[in-house]
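Asker: I am attaching a structure below and will ask some questions about it afterwards.
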Amino acid sequence: MKWDEFFVTGDPLIYGADVSIVLTMVGILFYLTKFKKWKWLWDEWLTTVDHKKLGIMYIVSAVLMMFRGGVDALLMRAQLAVPEANFLDSQHYNEIFTTHGTIMIIFMAMPFLIGLINVVVPLQIGARDVAYPYLNAVSFWTFFIGAMLFNISFVIGGSPSAGWTSYMPLASNELSPGPGQNYYLLGLQIAGIGTLLTGINFLVTILKMRAPGMTLFRMPMFTWSSLVTMVIIIFAFPILTVALVLMTFDRLFGSHFFTLQGEGMDMLWANLFWLWGHPEVYIVILPAFGMFSEIISTFSKKTLFGYKAMIWSMLLIAGYSFLVWVHHFFTMGSGAVVNSVFSITTMAIGIPTGVKIFNWLFTMYRGRIEFTTPMLWSLGFIVNFVVGGVTGVMLAMAAADYQYHNTYFLVSHFHYVLIAGTVFACFAGLIFWYPKMFGYKLNERIGKWVFWIFTIGFNVCFMPQYFLGLDGMPRRVYTYSEESGWGPLNMVSTIGGFMMGIAFVILVYNIYYSFRFAKRETTGDAWNGRTLEWSTPSPMPPFYNFAKIPEVTGLDHFWKQKQAGKVEKLKAEDIKKIHMPSNSGVPFIMASFFFVAGFGMVFDWMWMGIAGMIGVFGTLIYRSFEYDDGYYVSVEEVIETEKISK
Amino acid sequence: MANKTAVNEHHGFPWKHLIGFVLSIVLTLFALWVALGTDLSLTWILIIIFGFAFLQAALQLLMFMHVTENSTKSNLTSRVQIGNILFAAFVAIVIVIGSVWVMTAGHAKHDKHDEPKTENQENHGEHESH
Ligand code: HEM
Ligand SMILES: [Cu+2]
């Protein structure tokens, strides 16, 4: 392979990206060296097993990925703004919608939610860390490495271009030659390991590590939604793992699982992909539901309406989510019986979702609503998400879907649910728990500007797409003719897209602004919260979270204590030594070996793939013989920490 | 933390895990050999590797997944365990039977281009597996 095949060449945009990547790298290395931060980086972040720090790293990565995916989106919108534009050629456009979709779902939405779950759930259940802190670090680093592997594709070797769904035979060697599609397979595979481990880790954490008195039906709704999400992850992700392995075999080792030749079944890929893919959309929406529940209840100053109904509807959704996958390929032609069955199951899944919407409305009913920024995002969610849900039910009618399928109508549907659902929740949750993570709130005034610009921009961008879809504009086209008449609405849509981009920039500015100027919190209870995470006395919880594990007596325990004026003061004699897990650099090193292995396989350099895998197994073996039971934080140290932070 | 004691609970060499590990690899290689290295008819190959697949699943459940461990510790743990097993069975059935059904019903049959058409194409209702 010649160097100009290895590096992507010939496009000024890519050269610009090359330059900025190199400059950023040099800048970071320079900063770390100049300010002697290497040791700090290693000790505090790269080797940490603290769920809060891992959570923050997840969120930071997710915001970076949101930027990358957002740039992709704006490039596409720029190309589509006017008919017959020549900004991007078709191959380039294909690559961009592929990386946009994959990055936004796998490397933005999931890690953003998992990051917030990491930070919040152990605090909400009164635990000092997750059940398997070391595994948690493995999760983060494999996700991060998978994301990086996927991301370098656009400068080294070329990006995948078969869509985030990677349908066969389009994704086969014949129609997608070169390393691009391999990046998709390996990047997702490595990151998927992390997700699966997170699923197991948090399932066990929530089941086993709750504070005394916190029965299952006293758990906060966000914890419940995380629990259900973890169950779906555990059962859905192995399907993706297997499907990816089979396609990797097809591409690298000449097997015929999904190929056209050799009796392969190309549509079996679509079938397996959506067997995972539909549960996946619930994986990214349920934690969002959980967050909105917390926020709406906090700022309505009322206990969540229909707590049990919420839980049962989530459990129902978890079961149903495995029964609807065919609605993504009604047009494959499995016949009237199959399509009817899956139409009905799909419509049925709308019912528990509707139940939840009503519960939120009733929670607000006669509450004393406080219009903070997180609450604004939650209200915006209810209004906009309903639009996505209603159009979802329209798509669920198989006969009608022959018309809507693969048009902009579908594109608009899933953006209404994913943006107004998941992305709004990520913003709301980030703002809501920001003071817990960093000790100060994000500026509310700027935050409200962000909300309005983003929400209006979102509707300006995606509402026209429903009509474009009804007008017959297909998805994934890189240009269209003047005569089609799609020009004006596309222009409107592009304007909306850029408004969302502007809102994102202001959001990032707000992070900087608040870091400089925001009033620092003095208590741990920035929003007059209801659940345990707000009961840690310091603005940010110390690394062991709770000096004394709370005893829980009911739902919204902390709120009730406050109402009764009975918040316990920590006494020195209550403090016992605390057992904590030790840091470890192994997860980071293991993930680095995964990178080597993945990169080798992407280019079909088997020696490199094997070398990387030997490294991975080496770290696994090393870990098996490592006997580290953690360490104890002494009573004196706890007392001292608590005093400083009081 | 609470798992301090749990860490020290297991002593001795993890024979069970090692045997399970080796057996699962052997079964996989065997399946590969039956499929690639023998010239049995397709039906027989399928029957044999399906058999291996069930053995493999049983092996995983017994050796690694504590399926026989009946928890006397608490009511909740055993209820969770049972719920888990039932849900796993549900998902497994949906994946396998669902996929076979979806991939063989209606026009999707034509997907297998190079196979002769099976008769009885309109019968996409209750399918007996073939
Ligand atoms: C009321 C509940 C919902 C119903 C009835 C529903 C129904 C559907 C249907 C029938 C399709 C396929 C349409 C086609 O391809 O022609 C679809 C696509 C999609 N839906 Fe939904 N949906 C619902 C909620 C959600 C939620 C909550 C999410 C994610 C947060 C979501 C994400 C997606 C995505 C990503 C796609 C398309 C993916 C692709 O083809 O690339 N949906 N939905
Ligand atoms: Cu779906």
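Cβ coordinates come from backbone N, Cα and C, glycine included.
Relevant sequence annotations retrieved from TrEMBL are reproduced here:
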| type | residues | note |
| --- | --- | --- |
| DOMAIN | A:36-553 | domain 'Cytochrome oxidase subunit I profile' |
| TRANSMEM | A:54-76 | transmembrane segment |
| TRANSMEM | A:96-121 | transmembrane segment |
| TRANSMEM | A:133-156 | transmembrane segment |
| TRANSMEM | A:183-207 | transmembrane segment |
| TRANSMEM | A:227-249 | transmembrane segment |
| TRANSMEM | A:269-289 | transmembrane segment |
| TRANSMEM | A:309-330 | transmembrane segment |
| TRANSMEM | A:336-355 | transmembrane segment |
| TRANSMEM | A:376-399 | transmembrane segment |
| TRANSMEM | A:414-434 | transmembrane segment |
| TRANSMEM | A:488-512 | transmembrane segment |
| TRANSMEM | A:578-599 | transmembrane segment |
Asker: Do the transmembrane segment (A:96-121) and the transmembrane segment (A:183-207) come together with 3 or more C-beta pairs under 8 Å, pairs six or more apart in sequence?
Answerer: yes
Asker: Against which stretches of its own chain does the transmembrane segment (A:414-434) lie, if we need a Cβ under 8 Å and a gap of at least six residues from its ends?
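Answerer: Contacts of the transmembrane segment (A:414-434) (Cβ under 8 Å, skipping residues fewer than 6 from its ends): 59, 62, 104-105, 109, 112-113, 116, 119-120, 281, 284-285, 287-289, 291-292, 294-295, 298, 373-374, 377-378, 380-381, 384-385, 387-389, 391-392, 440-442, 447, 450-451, 454, 458, 461-462, 465, 507, 527, 533.
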Asker: Per-residue pLDDT averaged over the domain 'Cytochrome oxidase subunit I profile' (A:36-553) comes to what?
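Answerer: Its mean pLDDT is 93.
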Asker: Could you tell me whether the transmembrane segment (A:376-399) and the transmembrane segment (A:133-156) are in contact, taking contact to mean 3+ Cβ pairs under 8 Å with a sequence separation of 6 or more?
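Answerer: In this chain the transmembrane segment (A:133-156) does not contact the transmembrane segment (A:376-399) - fewer than 3 Cβ pairs sit under 8 Å.
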Asker: Are the transmembrane segment (A:578-599) and the transmembrane segment (A:54-76) close, by which I mean at least 3 Cβ pairs under 8 Å that are 6+ residues apart in sequence?
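Answerer: Contact between the transmembrane segment (A:54-76) and the transmembrane segment (A:578-599): absent, because fewer than 3 Cβ pairs are under 8 Å.
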Asker: What stretch in A:54-76, A:183-207, A:227-249, A:336-355, A:376-399 has the biggest tally of Cβ pairs under 8 Å against the transmembrane segment (A:309-330)?
Answerer: A:336-355
Asker: Is the transmembrane segment (A:183-207) packed against any residues at least 6 beyond its ends, judged by a Cβ distance under 8 Å, and which are they?
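Answerer: Distant Cβ neighbours of the transmembrane segment (A:183-207) are 98, 102, 106-107, 110, 114, 117, 121-122, 125, 127, 130-132, 135-136, 138-143, 145-147, 149-150, 152-153, 157, 159-160, 162, 166, 171, 219, 223, 226-227, 230-231, 233-234, 237-238, 240-241, 244-245, 247-248, 251, 591, 594-595, 598, 601-602.
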Asker: In the same chain, who gets a Cβ under 8 Å from the transmembrane segment (A:336-355) while lying at least 6 residues past its ends?
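Answerer: Same-chain residues near the transmembrane segment (A:336-355) but 6 or more away: 306, 309-310, 312-314, 316-317, 320-321, 323-327, 330, 389, 392-393, 396-398.
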